[in-house]
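What follows is a set of notes on a single structure, which appears directly below.
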Amino acid sequence: MMDFRILFVTLFLILLPSADMFQLTMSDSVGIKAGSRFEPLSTSTQLSANTSRGPNRRVLWSRFGNQTTSTQLSANTDGGPSRRTLIIGASSALGFKLATGAVVYKAVTNKPYASFDDLLSSESFPALESSAQTEAANLASTLPPVAPILLPPKVNPTDTRLVIVRHGQTYMNRLHVCRGQRIDDSLDPVGKFQAQRTATALSKIQFDANGFYSSNLARSKETLNVLSASLGPPQSSPLLNEVDYGELEGLQNLKPICSAPFGEHFNGESIAAVNNRVDDALNFLISNNQGKTVLAVSHGAFITALLHKIAPDRSLTDFLFLSNCSVNVIDISKDGKATIKLVNECSHLKP
């Protein structure tokens, strides 16, 4: 079975926008220390400790060559924690090899809001709300009527059918703020609109009256409340929570690194813990719903982990970048054999 870590680290190697990616030539013996400062890096540019760009370009974490331990995040930088350079490197310990190269992702980051309440009380919130309302209105006027999703019958009536949906768009999604479990926020007008259309898309699926689940986070609960409506009582479980990214949470424009569960290196959740939680969530949903069709609302990285756990041999790209309110369907037999029926279905959200 492919190590879960490969899935997420490969994200940086093959799918990030090329404009933000830089490759540099390195030998396996090169080590990088936290707090080092570098010139802008370009293709085939040798790594240099030149500091002419000033102290605001920081290395948060690195793992190169034979280096098997990661450096811990430190906010005690003379340039402050608001501007950083993030470096992710190739390492045999991570289960993949990229010759003698390394991949670098550069991001200007900051922590503008310590909580959702900070955002709500900020001077910028009215403009953010207005922008979201305008976008939602434009979508409502341009998108066609929703065609309900029609699923084939289960092969075996005793199978459990799990329909798992990512939550709708939130305000901090709009601002590209990294948050897992520590910072929670609410659906913005676009997210509420997405949830309404998703409810229509799921309207032909016969869910069990007691089969509606969300994570403990508000964005998941709010989405489920729209999807379940009067169909049945919603239930919440921490097993469905998003990955805990630790000290990375609250950083802005950090989405690429937050697509990978490296929270363990920043006092957050480890890869092993995420894998264990996926197992526990599946066992919980199956044991309580044998032969039923249930709906769960969770989060992007967690759903990706779950899908990859079920189908580790499928292409890595199948499970990456799950859209807000995308629909995924899995049939699970009594003996635990799972079959993916639908991945990242979001035609109900597109023209």
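Using N, Cα and C of the backbone, Cβ positions are placed for all residues, glycine too.
Now, the feature entries from TrEMBL:
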SIGNAL    1-21  signal peptide
BINDING   R166, H167, G168, Q169, T170, Y171, M172, N173, R219, E242, V243, D244, Y245  substrate binding site
ACT_SITE  H167  active site, tele-phosphohistidine intermediate
ACT_SITE  E242  active site, proton donor/acceptor
Within 10 Å of each Cβ, count the other Cβ atoms, then let me know which of the binding-site residues M172, V243 comes out lowest.
M172
Including all protein chains displayed, how many Cβ atoms other than that of R219 (substrate binding site) lie within 10 Å of its Cβ?
29
Please state whether DSSP places R166 (substrate binding site) in a helix, a strand or coil.
strand
Those binding-site residues of R219, V243, Y245 having Cα within 10 angstroms of H167 (active site, tele-phosphohistidine intermediate):
R219
What number of additional C-beta atoms lies within 10 angstroms of the C-beta atom of R166 (substrate binding site)?
28
Extent of the substrate binding site in Å [max Cα distance among R166, H167, G168, Q169, T170, Y171, M172, N173, R219, E242, V243, D244, Y245]:
20
Quick check: of the binding-site residues listed here (R166, G168, T170, M172), which one has the Cα closest to that of E242 (active site, proton donor/acceptor)?
R166
How many neighbouring Cβ atoms, not counting its own, are there within 10 Å of the Cβ of G168 (substrate binding site)?
29
